[in-house]
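Record features (TrEMBL):
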- 8-417: domain 'Enolpyruvate transferase' (DOMAIN)
- Lys22, Asn23: phosphoenolpyruvate binding site (BINDING)
- Arg102, Arg131, Pro132, Val133, Asp134, Leu135, Asp316, Ile338: UDP-N-acetyl-alpha-D-glucosamine binding site (BINDING)
- Cys126: active site, proton donor (ACT_SITE)
- Cys126: 2-(S-cysteinyl)pyruvic acid O-phosphothioketal (MOD_RES)
Amino acid sequence: MDRIRIVGGNPLNGVIPISGAKNAALPLMIASLLTDRTVTLENLPRLADVSLLVRILSNHGVDYSIDGRRHGEDPDSGQTVHMTAREIVDTTAPYELVSRMRASFWVLAPLLARCGQARVSLPGGCAIGTRPVDLLLMAMERLGAEIDIDAGYVVARAPGGLRGAEIVFPKVTVGGTHIALMAASLARGTTVIHNAAREPEVGDLADLLVKMGAKVKGAGSPVIEVEGVARLGGAKHRVLPDRIEAGTYAMATAMTGGDVLLEGARAEHLQAALDALIEAGAHVEDTPQGLRVSRNGNGLQAVDIATAPFPGFPTDLQAQFMALMTHASGVSRITETIFENRFMHVQELARLGAHIRLEGDTAIVEGVPALKGAPVMATDLRASVSLVIAALAAEGESMIQRVYHLDRGFEALERKLSRCGADITRISSGG
Ligand code: UD1
């Protein structure tokens, strides 16, 4: 298994190109199941989760091809992938594949909408608390699906097709909103989704669906209206930039000091996190090329945050912000309201010398003047990158184990950071 070695202390200076968003790429790819025509996605990040989803989709009958590199293209720039589900050959998504990535459960919606049936294994994914699918199933039932659970599988049927309906989510769910949007696009009649997630990735999926011929209004607001159509066509779409990746490198820069342009990052996707960074003492400038983040000379101040659905502070940046706060002056309270048990990074950050105490859903972080390098272990995707951030600022060497978690969600992480001056190297298994 690969490890990452970091010798801390170098400020970050330079340009980091922001990749296409993983959390947009996955639902966009899954939407290709809704049509027999070709969906072309540009700026698709080169990530383990994307490759795994390609395997899952090809199992259902999706043909795909990837454009080769073009002259003058950066090898780390996103790829263009053409996906065509001419015929769905299998409506079962097996445990071996779905258990490795939670989002693959979302194939349930397009399979059901297009074929009237689906058999999808209950999901796995990052071990961040119990992550139920009750609301996802409720949404499909509202649209007329009959659902049974059989031997670890969700078996869904809609022999007469799906029908438009009112779907009221009692709690904001990104996945629930994605699958409701996909299924409603091919349902008969009108669907209204209440308390919909407003995450930019929901807007990106709605944009693709509209290009495919769907009738969607209100994406990005809490009420989305979808008028079903009989069939959807092909489309070409560019994946939006990854706000979580951008926020992560913004925090890394605030942590180490320096001055970095996050090329392509958009402030409006990240305002709550940027506000917290500015309050902590970083300088953030919104430029036509992207966001420029710097911290020169001044130290960091403790800031309290609580995670919330968009436009609140994203849970996917909570661990990274905690890493930043371990080195701030004062005491910061970090409250996680989305996922229980999303504090697995606390123990590992403590190995680097952080002072963190847990009180229920809140971590109380007492800033220390310096962190010290240590061997640490990556536990989930976002937790792992918080260790990278802390290690970049720690004195001496840190060795991060189990970096396959990072490969699920961060494209070319070591290259992007080392180009900006970080001392970071991947040690391949056996190396
Ligand atoms: C997505 C993101 C993930 C992010 C999360 C919250 C992707 C691929 N993943 O995950 O990175 O951390 O949004 O922003 O886009 N819930 C239920 N029942 C359900 C579904 C969800 O109770 O049926 C709960 C969850 O346990 C959680 C909350 O709702 O407490 C929000 O989860 P949700 O927004 O659905 O997360 P995901 O879509 O899985």
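Positions of Cβ are set from backbone N, Cα and C atoms, glycine also.
Fair warning: this is a prediction, and the values are worked out from it, not measured in the lab.
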Of Lys22, Asn23, Val133, Asp134, Ile338, binding-site residues neighbouring ligand 1, Cβ under 6 A: Asn23, Val133, Asp134, Ile338
Cα-to-Cα gap, Pro132 (UDP-N-acetyl-alpha-D-glucosamine binding site) vs Lys22 (phosphoenolpyruvate binding site), nearest whole Å: 21
Rounded inter-Cα distance in Å - Val133 (UDP-N-acetyl-alpha-D-glucosamine binding site), Asn23 (phosphoenolpyruvate binding site): 17
Between Asn23 (phosphoenolpyruvate binding site) and Asp134 (UDP-N-acetyl-alpha-D-glucosamine binding site), the C-alpha gap once rounded to whole angstrom: 20
Most crowded position, judged by CB atoms within 10 A, among Lys22, Arg102 as binding-site residues: Lys22
Distance [Cα-Cα, Å, rounded] between Ile338 (UDP-N-acetyl-alpha-D-glucosamine binding site) and Lys22 (phosphoenolpyruvate binding site): 19
Lys22 (phosphoenolpyruvate binding site) and Arg102 (UDP-N-acetyl-alpha-D-glucosamine binding site), Cα-Cα, nearest whole angstrom: 13
Rounded Cα-Cα span from Leu135 (UDP-N-acetyl-alpha-D-glucosamine binding site) to Lys22 (phosphoenolpyruvate binding site), Å: 22
Residues satisfying Cβ distance under 8 Å from Asp134 (UDP-N-acetyl-alpha-D-glucosamine binding site), sequence separation of at least 6: none
